[in-house]
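Quick look at what Swiss-Prot annotates:
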- G315, P316, N317, M318, G319, G320, K321, T322: ATP binding site (BINDING)
- 668-743: domain 'Smr' (DOMAIN)
Amino acid sequence: MRDVLEVLEFPRVRALLAERAKTPLGRELALALAPLPREEAEKRHELTGEALSYPYALPEAGTLREAYGRALAGARLSGPELLKAAKALEEAMALKEELLPLKNALSQVAEGIGDHTPFLERVRKALDEEGAVKDEASPRLAQIRRELRPLRQQILDRLYALMDRHREAFQDRFVTLRRERYCVPVRAGMAQKVPGILLDESESGATLFIEPFSVVKLNNRLQALRLKEEEEVNRILRDLSERLAKDEGVPKTLEALGLLDLVQAQAALARDLGLSRPAFGERYELYRAFHPLIPDAVRNSFALDEKNRILLISGPNMGGKTALLKTLGLAVLMAQSGLFVAAEKALLAWPDRVYADIGDEQSLQENLSTFAGHLRRLREMLEEATSHSLVLIDELGSGTDPEEGAALSQAILEALLERGVKGMVTTHLSPLKAFAQGREGIQNASMRFDLEALRPTYELVLGVPGRSYALAIARRLALPEEVLKRAEALLPEGGRLEALLERLEAERLALEAERERLRRELSQVERLRKALAEREARFEEERAERLKALEEEVRAELLKVEAELKALKEKARTEGKRDALRELMALRERYAKKAPPPPPPPGLAPGVLVEVPSLGKRGRVVELRGEEVLVQVGPLKMSLKPQEVKPLPEAEPGKPLLAKPRREVKEVDLRGLTVAEALLEVDQALEEARALGLSTLRLLHGKGTGALRQAIREALRRDKRVESFADAPPGEGGHGVTVVALRP
């Protein structure tokens, strides 16, 4: 069987990972990535998570590995090569010091980086910043170079003095090297004035490069010292190369750097593709999973557990069934290889083996047919798969007679279920869909198809078998009705199954629309509840402020009364009791009076329809409570200030708006909408018609395949706002229009 990694396109995942590696070591590890033991894979997941939260810089490990390999082979490295290797080791040790304090999985990997201090110290002493060997590299080299410098200067002084004495004989006043010996440029016709050895001449022949006899011995001595210098430099470089080769910590350092690069590449892949860390358990449960190799892939959620071990997926061709199989297979392989997986959340079992029969794997050498190739792979599954295995089978039962293929496929599914195997299977065979419906251990599923647009949506629908849509598409494309009816008659069982599936689909869409309506209502109630809570909080705050102000007012009034009483007592004492009593009675009457109740706000009365601008909602006045108005908004009652509500113009004060409903007809055009969109429009139209007091609603849905009409009627049948519904008269739209009578 073709390697499952190839079948599931895992090498393409490796390639994406290798693109994100920064060193040859990391790229090689990425391209060789394969499933690991569980403990090691989980450690890689931990490392990837830490690399996502803690980015770090990597040294140039490729240069280090190349230099180390050459040194091991006995080569003498150049100064720059040794310097680059030393720099990489120094950066590796710095990275180790950076990661060790983290005390996590990354720090454990960093512990593998060795201590290369002896080699680094020797390199720093021997080489300068350009990689040239320094004088201090050895006493002998220092001595040789001490002799070289004055000798070189002595040669230059003699040659410049010679040129100054015979200026006419020289082309230019400069000293140059030819054959590693110092010489001067002499005009071709003046050679007799400069006795010496001809070393070279210019291309034009106008200049001769002559080594004067006066510096021959000095040049000879200089050449001898240079040979000694070169010999000592080579010895020093050879010594450094041997020190690098003998550093036993280098291989472990390279291994640690390679893994740190791979982990960083895995983190980059997870960040770029939106992957998440998987958890492991006894079942497969993926939430919003997607194919990591398909741009903008549709996300789907599904589960494989003891109740539903096998998912049987059906539906139209090119609808995404095979991609879904690969989505699960790649998620498992990526998780077992230490990668994050393509899902928002993933719980995965750890299969002992993944079996995949996907695509045409016909063997030309063995001359096997497509069907025989499938059987060969299926036989391996039946013989070897265990309850801990994962099987992925594409187009089970294809490539042979449909009846025999269906019978054989059912037997294979029964055998796999008996073994307790978990997996995904795709098929076009209707008998297999019927077999899976209600069968323990296996669940029907399908890939959704948009009949209006005639294209797949790639969305997985659990619990519902898929349809071929051949007849539905033919009807949508206006094939003659008599041909379609004859086709349905020729396939009675298939026709009944398709009709059943069509009804199930319509019911499912109606239920989805109902659920969406309830969700919107619940969301609206929650918004109202929140707004009411905020209003109550503001009210309590204002009430507390008013109480405080009232207390201060009462306190001030009491002080005033006390002052007046004191004055009256004084007056009674000095002027007589009768006048004081008269003033006391007047004071008592003043404080005994009650303020008249405030008049009701204009335009507001029980039953009046009002708008609450702060909520964007309408409600009805229930009661006037002094300075507040009790308003019914949907299922909630709330106390509001008069300025917080606005009477609607058409409302008559004191009378409910619906006391005299207008018997108008509202018409809604649903043609061209999807089923879900149409059902939302119908729900909104029913709500508006009820608020406006309409008695009738006309829904224009067209005839088409009938799926939209059936879905709408399923929703109307469940709606408590609807009294009845029927087709419009033949002259007013007939089957293409549904007339709805609303409850009063």
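Count begins at 1; order follows the chain as displayed.
Cβ atoms are placed via backbone N, Cα and C, with glycine included.
Mean pLDDT of the predicted structure over the domain 'Smr' (668-743): 84. For the domain 'Smr' (668-743), DSSP puts the residue distribution at 36 helix, 19 strand, 21 coil. Candidate binding-site residues: G315, P316, G319, G320. Fewest other C-beta atoms within 10 angstroms, P316. What surrounds the ATP site, by Cβ distance within 8 Å of the Cβ centroid and not counting G315, P316, N317, M318, G319, G320, K321, T322, is the set T426, M447, P456 from the same chain.
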